[in-house]
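According to Swiss-Prot:
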SIGNAL    1-29  signal peptide
DISULFID  C40-C116  disulfide bond
SITE      R67  site 'Transition state stabilizer'
BINDING   D72, V75, G77, D79, S81  Ca(2+) 1 binding site
DISULFID  C73-C78  disulfide bond
CARBOHYD  N87  N-linked glycosylation site
DISULFID  C122-C325  disulfide bond
BINDING   H194  heme b binding site
DISULFID  C201-C235  disulfide bond
Amino acid sequence: MALQFFSCKPKYTFLSSLLLLLLLSSSVAELSFNFYAGSCPGAELIVRNTVRSASSSDPSVLGKLLRLIFHDCFVQGCDGSVLIRGNGTERSDPGNASLGGFAVIESVKNILEIFCPGTVSCADILVLAARDAVEALGGPVVPIPTGRRDGRVSMAANVRPNIIDTDFTVDKMINIFSSKGLSVHDLVVLSGAHTIGAAHCNTFNSRFKLDPKGNLELIDASLDNSYAQTLVNKCSSSLDPTTTVVDNDPETSSTFDNQYYKNLLAHKGLFQTDSALMEDDRTRKIVEILANDQESFFDRWTESFLKMSLMGVRVGEEGEIRRSCSAVN
């Protein structure tokens with residue numbers, strides 16, 4: 001019998017996550033939930049503590065870590081290739097120019113290299129750090145199998161065809177997700193990452209403008225007028241739109257919750273891609289369910305985040321354990 005994605009009270013548990021793991025590729029089968037139990041038993045605790053410590057001095061780093069995992073996994077899989085520095089690498093692509101959180105990953109790696117040299121991959125660190133960032137903001141704890149190896153290839157040319165731009169249509173987003181083995185449900189659920197984090201004004205200010213008299217003029221009619229006015233005020237013409245940031249979620253920006261979906265119902269999605277989810281029946285119905293049931297969102301997030309974290313993983317000779325996350329060995 002096929003599993004139903006939504007029910008009145010979904011009960012996705014550790015067992016369902018394990019079942020999902022077993023159904024995926026043979027490479028994934030080489031991962032395990034206790035991969036470092038013998039070789040580096042404190043690995044996950046070190047990741048968690050370092051993330052918490054970094055966020056105490058810079059709370060914005062949590063949203064940055066979550067965004068970072070999307071930009072890694074969607075471009076040739078969760079292999080840590082987005083972390084590599086250098087001309088022509090993924091990290092050098094303009095589409096990744098605003099990424100952050102790299103220093104936290106390097107801090108974790110430096111500590112682990114002291115206690116467990118050459119053991120824990122940067123790919124695993126990145127996935128665990130994103131998982132812990134969500135937990136630190138009140139989100140669900142996602143069981144993550146580890147044992148990923150680090151990729152040796154990082155090419156800027158691979159970035160643009162694989163990441164979603166803020167003006168994409170639902171069809172374009174579905175096509176990219178489908179190419180990664182992710183469903184429409186995964187698209188809507190993982191878009192919930194926008195319940196935290198912030199965005200630069202130039203990523204959404206094409207949705208409105210001021211007329212010659214200084215009055216607001218909506219270019220995107222799907223945007224709530226009062227919310228658009230708030231965005232205009234925060235993205236004043238006197239400020240640099242490439243450096244000025246606005247919270248993705250205007251209501252509960254420091255909490256991982258289902259407020260993002262409630263915002264969409266009120267036509268207060270920051271990006272065109274957010275608002276687009278309300279314009280298509282395939283996605284709108286899922287938004288409505290998640291907006292009304294945070295438990296359902298957390299259950300769905302656990303499943304979809306796990307699926308994303310298993311995309312294109314490297315194991316064995318397919319990769320390496322980098323000594324530094326910013327460079328191949």
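Each residue, glycine too, has its Cβ placed from N, Cα and C.
Per Cα geometry, R67 is the residue among the recorded positions C40, R67, N87, C201 nearest to V75 (Ca(2+) 1 binding site). Long-range Cβ contacts of S81 (Ca(2+) 1 binding site) within its own chain (separation 6+, distance under 8 Å): D72, V75, T89, E90, D150, G151, V153, S154.
The Cβ of C73 (disulfide bond) lies under 8 Å from the Cβ of K180, M308, S309, M311, G312, each of which sits 6+ residues away along the same chain. For the recorded positions V75, C201, the largest tally of other C-beta atoms within 10 A is found at V75. Sequence-ordered, the extra residues of this chain that approach the Ca(2+) 1 site, with Cβ no more than 8 Å from the Cβ center of D72, V75, G77, D79, S81, are C73, F74, Q76, C78, G80, V82, E90, A123, G151, S154, G312. Here the candidates are the recorded positions R67, N87, C116, C201, C235. The one whose C-alpha lies nearest to that of C122 (disulfide bond) is C116. Within the set of binding-site residues G77, D79, H194, the entry lying nearest in space to C201 (disulfide bond) is H194 (CA atoms). Cβ crowding, taken as the number of other Cβ atoms within 10 Å, peaks at D72 among the binding-site residues D72, D79.
Here the CA atom of H194 (heme b binding site) lies 35 Å from the CA atom of C116 (disulfide bond). Counting only same-chain residues six or more apart in sequence, the Cβ atoms lying under 8 angstroms from the Cβ of C78 (disulfide bond) belong to I69, D72, A123, L126, V127, R148, M308, S309, L310, M311, G312, V313.
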